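Student: Structure incoming, see below.
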Amino acid sequence: METHNGTALSEFILMGITDRPELQAPLFGLFLIIYVISVVGNLGMVILTMVDTRLQTPMYFFLKHLSLTDLGYSTTVGPKMLASFVVDQNTISYYFCATQGAFYIMFIISEFFILSLMSYDRYVAICNPLLYTVIMSQRVCQLLVAVPYLYSTFVSLLVTVKIFNLSFCGYNVISHFYCDCLSLLSLLCSDTQDIELIIMIFSVFNLISSLLVVLVSYLCILVTILRMNSTGGRHKAWSTCGSHLTVATVFYGTLFFMYLQPKSRHSFDTDKVTSIFYTLIIPMLNPLIYSLRNKDVKYAANRIWRKICNIFS
């Protein structure tokens, strides 16, 4: 535990989303509804892909892990954020802050590469359909998913341990609604040049490498679809990519909005809005997008719903 002038720094204070009393109750209700929809939607998607035989394919295997990462980082942040609306002072212990930050980094990095794996899966399915079952075997899919989890765990531990091994000043108020690593840097008395460089290098690598896989995959898909003679074949090929393309556009679009805006317009309030979008809105939207745009998911959900109704009828 970090000490400063002989006093143990045992906790941090999270500022939350807003300090305006009139907004506390409405925002609590709004974000509670969003969080519940996110948990139910992602948990439901995980269950569907596990119990329905039609969804036992590589595409839905990756979708299951996308839902797990969405569920992971929304649950890492959501409950503590909701608590900030109902308590006078939203405190978080020193070790729980480190744990929250580590899990958030792990899940968000995993999402980058799971989205890129899903685009690669669509590339193989459309551009190499005859070899699809060979290339995307169960063993290969498990290996492809294991690598991002191991890599994201390594990065999250590296960044978190590095930050919490540095010296904090006496000020323990975090200008955010969760233990964001960038917000914690402003509380450090030690030289932060090394950890800032580490964060920048990994952030750039994660963004460029994952986005490059998505762009190259869809470029190849586009070329293959344009070469198809059948209009029905083109429509069917595009329809299998629509949900993932929408999810990826929302995810990376939010990133570019956050990091490509001018410094004069960049503020902690903007970071909070973007973080809300990441931690609650995107995890809520992803299962909704796949449920509304994907016939297999809708069919599986209807089957499960009918079975549940039959049990209780």
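Quick reminder: no glycine exception, Cβ is built from N, Cα and C everywhere.
Unlike curated entries, TrEMBL annotations are predicted automatically.
In case it's useful when we look at the structure, here is the feature table from TrEMBL:
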- 27-51: transmembrane segment (TRANSMEM)
- 41-290: domain 'G-protein coupled receptors family 1 profile' (DOMAIN)
- 92-118: transmembrane segment (TRANSMEM)
- 197-225: transmembrane segment (TRANSMEM)
- 237-260: transmembrane segment (TRANSMEM)
- 272-290: transmembrane segment (TRANSMEM)
Student: Could you pull out which residues elsewhere in the chain have a CB under 8 Å from any CB of the transmembrane segment (272-290), counting only those six or more residues past its ends?
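Tutor: Distant contacts of the transmembrane segment (272-290): 17, 31, 34-35, 37-38, 41-42, 44-45, 63, 66-67, 70-71, 73-74, 77-78, 81, 104, 108, 176-178, 180, 243, 246-247, 250-251, 254, 257-258, 297.
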Student: In the same chain, which residue numbers or ranges, 6 or more beyond the ends of the transmembrane segment (27-51), come under 8 angstroms Cβ to Cβ?
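Tutor: Contacts of the transmembrane segment (27-51) (Cβ under 8 Å, skipping residues fewer than 6 from its ends): 17-18, 60-61, 63-64, 67-68, 70-71, 74-75, 78-79, 81-82, 85-86, 276, 280-281, 283-284, 286-288, 290-291, 297, 300-301, 304.
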Student: Determine the mean pLDDT over the domain 'G-protein coupled receptors family 1 profile' (41-290), rounding to the nearest whole number.
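Tutor: Taking every residue in the domain 'G-protein coupled receptors family 1 profile' (41-290) and averaging pLDDT yields 89.
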Student: Under 8 Å between C-beta atoms and at least six residues away from its ends: which parts of the chain pack against the transmembrane segment (237-260)?
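Tutor: Those are 59, 66, 111, 115, 118-119, 122, 125-126, 207, 211, 214, 218, 221, 224-225, 228, 270-271, 274, 277-278, 282, 285-286, 289-290, 293-294, in sequence order.
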